[in-house]
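A short write-up of the structure that comes next.
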Amino acid sequence: MIAGTPDPVAGSQGPPPAGVWNVANALTLVRIALVPVFVWFLFLDGDGWRLAAFAVFAAASITDKIDGDLARARGLVTDFGKIADPIADKALTGAALVSLSLMGELWWWVTVVIMVREIGITVLRFIVIRRGVIPASKGGKLKTMLQVIAIGLYILPGPLDPLRWATMGAALVVTVVTGVDYVVQAWRLGRGPAAS
């Protein structure tokens, strides 16, 4: 190769991989840090504290959407983010569900069903990842939205029980159905060849 001529192979490699310290991962860490703050507010007495807990929960839930969009739009997807993001999601959801059950405001069986599904599917994704990625589905996005709305309604003070039950019931149904769908997809993926 003539000196000074750019290497065509090197020039076609694209941008370097994103570093761990980027805005998307920072938002994920903020979301994790907000979990104990949310739980603390939730266990304090008074409607004002319940509203504060709702505000923290809402803010943390919104950062979940923002950091994912940022990571994809700006090429900030990292291995750390792939691991930390689902952990942050499960930590927030799990803390809310367990706290509400400890307070006697949500049936324990609902918390157990949702958490077994969430943790189980997350573990399943990591098990089959060498054979391919199970893509996020519209059902999964609907499940997340319903869970966030239902939990938010349980956090808010006021006589909202019929609306809480209906929304949590819908979230529970979609949670189970999408969980079964993910298991089927993982089983099919597991039977195929490993991804190169």
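The backbone N, Cα and C atoms fix where each Cβ goes, glycine too.
Automatic, uncurated: that is what TrEMBL annotation is.
Per TrEMBL, these features apply:
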type	residues	note
TRANSMEM	20-43	transmembrane segment
TRANSMEM	106-128	transmembrane segment
TRANSMEM	140-157	transmembrane segment
TRANSMEM	163-184	transmembrane segment
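Of the candidate ranges 20-43, 140-157, 163-184, 163-184 has the most C-beta pairs within less than 8 angstroms of the transmembrane segment (106-128).
When Cβ-Cβ distances below 8 Å are used as the criterion, the transmembrane segment (140-157) is approached by residues 42, 47, 50-51, 53-54, 57-58, 61, 89, 93, 96-97, 100, 105-106, 114, 163-164, 167-168, 170-171, 174-175, 178, 182 of the same chain, each at least six residues removed from its ends.
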